[in-house]
């Protein structure tokens, strides 16, 4: 049953990607057309994020970039920030999967932290490496040196191991022609009127008349006379429903399976480090496992979305999920490298250089945020965000919309207005954010060095330093009880009291936040007893 649910889960992720391409694919192609904006590295970054979120696939957005570079519409140097943005955009899928686990507060805390550790790693890597790339062009220079040093020949394509299993189902639901998006991006006017849905999927020779060939489509929407947007919205609703149902059933199934001795054994195998002198090796092996598994399934989104529920139920710890996620980032670039090696002679050098930029960007990010335990900031940030979203569950949806839609759109709008506007608005906002972060750290670590009024944010109106007033507004608008009864009704007061008790418990038991009690103390005691 678990294998069957995993199969439907992976297929629904594939259909979700197709649905997003149908809804936003042509818009993604249009976004890539403004070459003046693409020359701005910050605009390139947010375009990479937006396009990857729209098509739900970093490999699709990367292939569009390769096509543009090969046709001379874009330089490789300008393509590097877009690839960085694609790396960020691909992490939206597992964040959506984590939001679907919002039923249980502690499970949601762990799952959301496990998903957003990928987001934080990507955003922090970009914050450091994008200015470095703009100033020195180190990724461009390094990859150019590698391409010039080796006489690289066209090779075989990467093996599609997962598609062999999923295609029998997905190709009967929908088949897309993604070359239409590439044609729009490269400025082909005829592509604008084409449909993304493949109508003619197979070609058969007519035996009686060899010069004739008949074509026929096999998927559900071949004869449905519907526009791309309508088909996309239908598939989006169906795939999200299938994804959500599978996820709930997988979590319930794993919770029922992973009890007692089985849970303790699995948890120990996955989360235990090697003995003392070699404890540091464990994380690097996890990175290799993540890279290998992603190479097998040919998609980082599928791999990270599959481990998110496991982090949610507490089988994989956040500290172990982090290196697995970093490994999946490397795994997805190796598949892109193999795909680049299979490209024709005229596009080989460009596509390989872009794939190498993607690869070295992820390697640089790992060197920044993994080897020294102190630098593993994404884990601490993900835990803090997990706590916040567990307390105010609506914040998860706000985070998704802000990080992957509104913020990139705002930056893109400022970039279109001109770099003077971008700098004029962006620099003061950035200085203000850095000031707030420094003050927050000093309030916790060394408040004595701050002026008396800055030792807390209480001098500001409550909505500016607390989510509680916003929570009341959101709860009042969403909860039937709040809209139909008065605010002082008994059930609301009881609910508030229960939530306050929960908050007090989580404050007292900070260790339990990221550990599932059902998988630890009692069961370990049972195992000890059986061994004795």
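Using the three backbone atoms N, Cα and C, a Cβ is placed for every residue, glycine included.
Looking at the stretches 191-211, 422-442, 443-463, the one that TrEMBL records under the feature transmembrane segment is 422-442. TrEMBL lists transmembrane segment at one of the ranges 153-174, 351-372, namely 351-372. Tallying C-beta pairs under 8 angstroms between the transmembrane segment (302-319) and each of 6-25, 120-140, 274-296, 326-345, 351-372 places 6-25 first.
Remote same-chain residues near the transmembrane segment (274-296) are listed as 161-162, 303, 320, 323-328, 330-332, 334-335, 366, 370 (criterion: CB distance under 8 Å, separation of at least six residues from the stretch ends). Through the fold, the transmembrane segment (78-99) approaches residues 13, 16, 38-39, 41-42, 44-53, 56-58, 61-62, 65, 68-69, 108, 111-112, 114-116, 118-119, 122-123, 125-126, 129-130, 133, 139-140, 243, 247, 300-301, 304-305, 308-309, 312, 329, 332, 354, 357-358, 361-362, 396-397, 399-400, 404, 408 of its own chain, all at least 6 residues removed from its boundaries and within a Cβ separation under 8 Å. Same-chain neighbours of the transmembrane segment (392-416): 34, 37, 40, 42-43, 45-47, 49-50, 53, 85, 89, 92, 95-96, 98-99, 102, 105, 108, 112, 116, 119, 385, 422, 425-426, 467, 470-471, 474, 478, counting only residues six or more beyond its ends whose CB sits under 8 Å from a CB of the stretch.
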